[in-house]
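Everything on this sheet refers to the single structure shown next.
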């Protein structure tokens, strides 16, 4: 049932084998729970295993196993609290309200933590109201943690096939770069082999949508080697035989060769290779120092990505062996500390995350109270629906709530209908639940309604393993689900997001959508992409929808503010100018695609596109643009195009400059 977290993120086509192994682990731990303890422990264990499995299948370049271990412990804690208090109505109502409030706050740390916390809340609210005993509670908690740890073991022993392909592509790309660097040190007229770099990009990207959703740290896995290749070629072009560039290239080759073998033992060797590179680079001529500094930074980033958690620093030469090599980031503890800091930043009445947390806590607590006081049959569906429906959304709120409730109702009807016909019980019911989880994975790309239906159907079999069902049972479950949906909507009505907060969110979303449109057009200017017209049209449609949502928020009663009206006017004008530049580029696409584009220019444009897109938007704050990074990337494109005497290149340069100027003005003017 707790696959909510993973599936709501629409995992990027997890391969069948990985999903099958994960679901088999869920079934095994459920069977052990049924055999050793009983249905309550089986439900807790299967739920925790499902959440941990969905977490393990997410794309995360580093730290998957520690993350899954942490999630397993968190699920065990949720089971402990729920099993200890569910038999006592008043304490349980308070525990659910506080627990769901904390789960709502977790969205401040990002979508993944928010969904994991929501899944933990599912385990909490579905705890059956049975008197706790030391044996049953400890057994349920132990099985929940073991179920999660089993998923960590499965993903560690049998990682997804795509991850293996990615690791092999990374190793091949860095080895190729090392060989090319040595060849360029010996013969500066050589070239960089492009095929391993193309294979690396293909291994990490499947669709345009995935590339947009992934954070910058993920996209650096294939973008960084491409930028290193460009810098190596530029350095080789400046080699005069006696200015030390050949030595720099040879030292860089040693670093790249060490980076290509990402073993724990090799991390120290990489650090010392980086130290030798720094020593050689310090003696180069001043003319080459900007390129050398760029290469040094890129090599450090490569070492950090390969050996750390994306934020490691390589120490310079001369560091003691006891400390030497690579300084790793604090890992899971540091990640938790960062998440706590992000949550602390949202502790204000205006924060959309804080308001979501209050809505979730109050609605879930009221749901439990209604179920207990009115003795609603299958009343756990009331708070369960609240948890599954409520999200910190400021756009299409009621539409999405209604869609998720409809999905839940459909899933309940489907599962109860199956139970009416087949009467599955015990392990048979667990098998049905696992099959429905597999269906949820299969339909995860279809949208939240289909996922909600599959999850709700799976929950029916996980929670009620007796298999007893009747038409009255179906009616009770549907009624409880509808009550939960009404509570979720009423929570939004009673405590909506502030109009100015909603406007800032809509402004950020519109800026992000317009930038995605610009990035798509600019990328198509220098790359041969499949069906560029469809890709550009899709980006434009998203921008159009975002503009409609923005205009709706702008018309929500804030127009009496003269300063705000002036800002809205300039904001619209700036976005219209960006759209005009993109239209000019789009009209010039066929001519540019036919032209030959240098590797350096493609890399510079790719870097500009990555700077445009930035990281995905979070629930806690509107999307913003890193102006400094964008300006630097635009300057690099300008430098690459300065010597190109081509009409299409001049159009590209003109429009990139125009887009950059307008976006910088817009990004710095979004109201606080």
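Each residue's number is its place along the chain shown, starting with 1.
From the backbone N, Cα and C atoms, a Cβ is placed for every residue, glycine too.
Looking at the stretches 352-369, 370-387, 388-405, 478-495, the one that TrEMBL records under the feature transmembrane segment is 478-495.
Cross-referencing 115-136, 137-158 with TrEMBL places the feature transmembrane segment at 137-158. When the ranges 307-340, 409-442, 511-544, 545-578 are checked against TrEMBL, the one recorded as transmembrane segment is 409-442. Secondary structure of the domain 'Integral membrane bound transporter' (368-490), assigned with DSSP and counted as helix (H, G, I), strand (E, B) and coil, comes to 93 helix, 0 strand, 30 coil. Among 23-53, 65-83, 89-108, 137-158, 409-442, 409-442 has the largest number of CB pairs under 8 A with the transmembrane segment (448-471). Sequence-distant neighbours of the transmembrane segment (23-53) (same chain, 6+ residues past either end, Cβ-Cβ under 8 Å): 1-6, 68, 71-72, 75-76, 79, 83, 116, 119-120, 122-123, 126-128, 130, 136, 139-141, 143-152, 154, 426-427, 430-431, 433-434, 437-438, 462-463, 465-466.
Counting residues 6+ beyond its ends, the transmembrane segment (89-108) has Cβ neighbours under 8 Å at 78, 81-82, 114, 116-118, 120-121, 124-125, 127, 129, 339, 342-343, 345-346, 351, 353-354, 356-365, 368-369, 372-373, 383, 386-387, 390, 392, 618-620 in the same chain.
Nonlocal intrachain contacts for the transmembrane segment (65-83), taken as residues 6+ away from its ends with a CB within less than 8 angstroms of a stretch CB, comprise 2, 40, 44, 47-48, 51-52, 55-56, 95, 99, 116, 119-121, 123-127, 132, 136-137, 140-142, 144-145, 147-149, 151-152, 155-156, 331-332, 336.
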